[in-house]
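Participant: Sharing a structure below in structure tokens format, with a few things to ask.
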């Protein structure tokens, strides 16, 4: 009996050893920084020297910080790109799901932005948006329209960023939709056709419900990703844009933490952002729970 | 119980690993006794090349010391350095901005170089720009006096250049290097040089094109105004003299039309327009000399146009080279800093590479006499350092947030949508609030 339990124990140790690396990774690179940052958010840490506990002062300051609201608003505004991207990608996927020649080529074309580095893409769009010699304005000029200096004008900088992020994410979203569409059994459509359903009815009652899990996944991941948008504005509008109109919340956190020696304050913002993402995701899961599979 | 023990072991392992991670960085020594120093810096391609050469020479002259160079793009440097400090992973020797001096000294990041400098026979502080060395002095209360925590890599007087070829072509007498233009004269000449050369109805050649963040100072200071008052704790932009200078700056585009329009006014554009010879006046920093060497036209330096004080003004940039307080080889590290900043051998290579003006006064005297290489009026650079240059306002405060926001919000003024007078009134309290915070932060870091 004893030997058996020994053997069992040995196995158990091996088991733990095998899962140790990812757990250690999680602890060191996720949990530890998280706890550190949580503590930091209650201090006046400047990122260099001592951390002095100051209670909720950082959070109190946040509520009267104009730029915090502004960058929060900018971040939410930029998320307008999410529904636009989803609709466009679904339409594209529907188009590319047909058996017509050339679809493979188009799939590749739409996917290219996804594999390109975000920094390179940002630099490219930076040129495209140049008010003087940029591609976008040269194109508009063909129609006699005089384009603005996109990234230097606070009214156009956000739409410009949205356009770019939609373009960048389109291929990935389209690919997931395409996969979802292809997994829908033909027999549903055949049955609907026999019942005399119109194309729109088929889309509404078969396609849309069948791709719903993908839509849900995309909405959740896009909102999480969208809350953390940073690289694009850091490269295209390195000072946060005219009147800080393109600074995202992560941009503002970075600005405070690394440029202005306010790591504690930045940690407090990061905490708020984390809570925000958590709540939004929770709501989405609740909503999805309620509505999914009610067609079954 | 067992479970708790397991957890305890995990935590111990974790702490050990964290400790091990925190322990890395700084100098390391290989088995054969070579001392390895890490040097983190930034600069354009020509600068990088020049510094690599100098380091190579240093290694040749100092057997047993190896220098590992870490170089980053200019706009990423500050972030990378802060991350290295936070992560306890500082290089032995590194560039730092004078504005960060107080914060880095108060938190014990920088080594006090004074004893090493006093001990050294090779260093003669009287032969280096006093302005440059003073930028890196700090006595715990005031910057500019006390012990030395870094040596100036260089001083960077931001001069004004003009396209000589363009003047000659237009038959306009070139600017007098001893008698600066008044603002009115500057506008008049610029208007004469703003031209449509290919007849498409749009100008292709402009008087100038200043980037507000780097050129507004010249106009504000020369008009007798400033961002801060003498105590450096009050934002002083709500001064009619300040508004007047800012309005003049905006009017160059909106009223006098001597610069590219709103839709063309990105920095990249004006820099490239100058390089293409489409601009009469453009600021020139010493770091640009190697690039401007290859310009397809002749250029030279002149004083900035003067406002109501009648005296030109501009700023002098600088970067310090500091030593980490945790370096394993302080002697060698300081030796390298001195080689890069005060030694004849090192300085000569850097000056010959045309990436900076000499740090050493006697060398600068020689350098100025050479009027054959571009720009021929090198004296202007020296005049700025000796006479009319100043530090940027953000350098005086614990952080530059209050100063940065001035430029973040300024676009409507440049576009002519808001008057300068309204802007300074609206912006002053906002900046004051941030400055108060910086002052408070500084006080906290001192204890």
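Cβ atoms here come from the backbone N, Cα and C positions, even for glycine.
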Participant: Which range is it, out of A:210-230, A:231-251, that shows up in TrEMBL as transmembrane segment?
Facilitator: A:210-230
Participant: If TrEMBL is the reference, give me the range from A:139-159, A:160-180 marked as transmembrane segment.
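Facilitator: From TrEMBL, the annotated transmembrane segment range turns out to be A:160-180.
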Participant: Looking at the ranges A:53-73, A:263-283, which is given as transmembrane segment in TrEMBL?
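Facilitator: Going through A:53-73, A:263-283 one by one, TrEMBL gives transmembrane segment for A:263-283.
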